[in-house]
Amino acid sequence: MSSGRNRLAKKGRWVVKIGSALLTDDGKGLDQKAIALWVDQLVRLRAEGTEIVLVSSGAVAEGMTRLGWKDRPSEVYRLQAAAAVGQMGLVQAWEAQFMRHGIHTAQVLLTHDDLSNRKRYLNARSTLRTLIELGVVAVINENDTVITSEIRFGDNDTLGALVANAVEADALILLTDQKGLFDADPRHNPDAQMISEARAEEERVLAVAGDGGKLGRGGMATKVRAARLAARSGAVTVIASGREPEVLVRLKSGEALGTLLTPDRGPVAARKQWIAGHLQARGTLVVDAGAVSALTSSGRSLLPAGVVDVSGDFSRGEMVVVADETGAVIARGLVNYGADDARRIAGKPTRDIESILGFVGEAELIHRDNMVLA
Ligand SMILES: Nc1ncnc2c1ncn2[C@@H]1O[C@H](COP(=O)(O)OP(=O)(O)O)[C@@H](O)[C@H]1O
Ligand SMILES: N[C@@H](CCC(=O)OP(=O)(O)O)C(=O)O
């Protein structure tokens, strides 16, 4: 088994994204039988220790069916209205199927901005991680009411990748209506061959990926781009057919189904680069010797108690530098509290956060997962 396939066989966290064509049987209405079968598989994976987050498309397609529309409208406001109608059916279908197994689901509607803006990213991340801890399956879709470009291009693949980044998933599984990525679009080239495994960054992989079908979807191009995004936090991506019997369970057992797209870096290195890469530091937290040792020797999160000084003007989710009392930079990370709140809780025990601020966002000022040591 290749090392990428091997990663799928381990316990881990999967983001499973199911596309519109599959969910609605190519626009004919929600395929309840297929949904029941995917849920049975997801429940088995969970029982074996895999954590699952679901990204479900299909709101526009289901809304069109419910409203009796034959053709996908080009007006964005009509697409948004259709999505609002269809989303009702979508969440009902997932909830009913998971309830058969006594598993709670949660509806989460997100935009790409929510996962790019640092503050909202941290908020979405905390909610999703809490749902995972509670054993609830999040059913995520785009918040189509407030977005325009994503709905025009029909792209939940990117959303799946951003979610994979946010929850630090080990794998992003893109279930679609083809067996995988072919070296040419099989709708137009009957001789096209499937690519079983490649690096997400390989040029040829993006070069062969074409657009989607009549439901106005992103096609393979958005899937390959999603794999590249997912690779930023070290996740592997699989593009596979949701119609393949037991596809999820078989992937988990390491079977070489679909196309596996692998990251160039391991999860830790990829994530560190992602945090450090694009952001400018907005402030500095000066920490005492105890905190320096907790961060550098014990790999701990930064608690307010160890902070002796806060400078700069930053908001929750922005990047700050952590320095020791001589000014040497120890780490960088995404801060859980804005500058004013950070100043008020600096030097205080975590248990006092609530009485000082009137709420507790997080116990840490910077969680170790959001921190890169210098
Ligand atoms: N190289 C390729 N290999 C496989 N499918 C391709 C390729 N290029 C384009 N496609 C098209 O991409 C479609 C899947 O993408 P899309 O319709 O957006 O699905 P989903 O709704 O599942 O996201 C396939 O039906 C296929 O026609
Ligand atoms: N969020 C919208 C559009 C998403 C979409 O079409 O994505 P996909 O079918 O996965 O390429 C929906 O639920 O219909």
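Any Cβ shown, glycine's included, is placed from N, Cα and C.
Automatic, uncurated: that is what TrEMBL annotation is.
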Among Lys10, Lys11, Lys17, find me the residue TrEMBL lists at the same ATP site as Thr176, Asp177.
Lys17
Per-residue pLDDT averaged over the domain 'PUA' (283-366) comes to what?
94
Using C-alpha atoms, which one of the binding-site residues Lys17, Thr176, Asp177 comes nearest to Asp144 (substrate binding site)?
Lys17
Whose Cβ, among the binding-site residues Ser57, Asn156, Thr176, has more other Cβ atoms within 10 Å than any of the rest?
Ser57
Please name the residue among the binding-site residues Asp144, Asp177 whose C-beta has the most neighbouring C-beta atoms within 10 angstroms.
Asp144
How big is the Cα-to-Cα gap, in Å, between Thr176 (ATP binding site) and Ser57 (substrate binding site)?
11
Taking only the Cα atoms, work out how far Asn156 (substrate binding site) lies from Asp177 (ATP binding site), in Å, as a whole number.
15
Between the Cα atoms of Ser57 (substrate binding site) and Lys17 (ATP binding site), what distance do you get, rounded to the nearest Å?
8
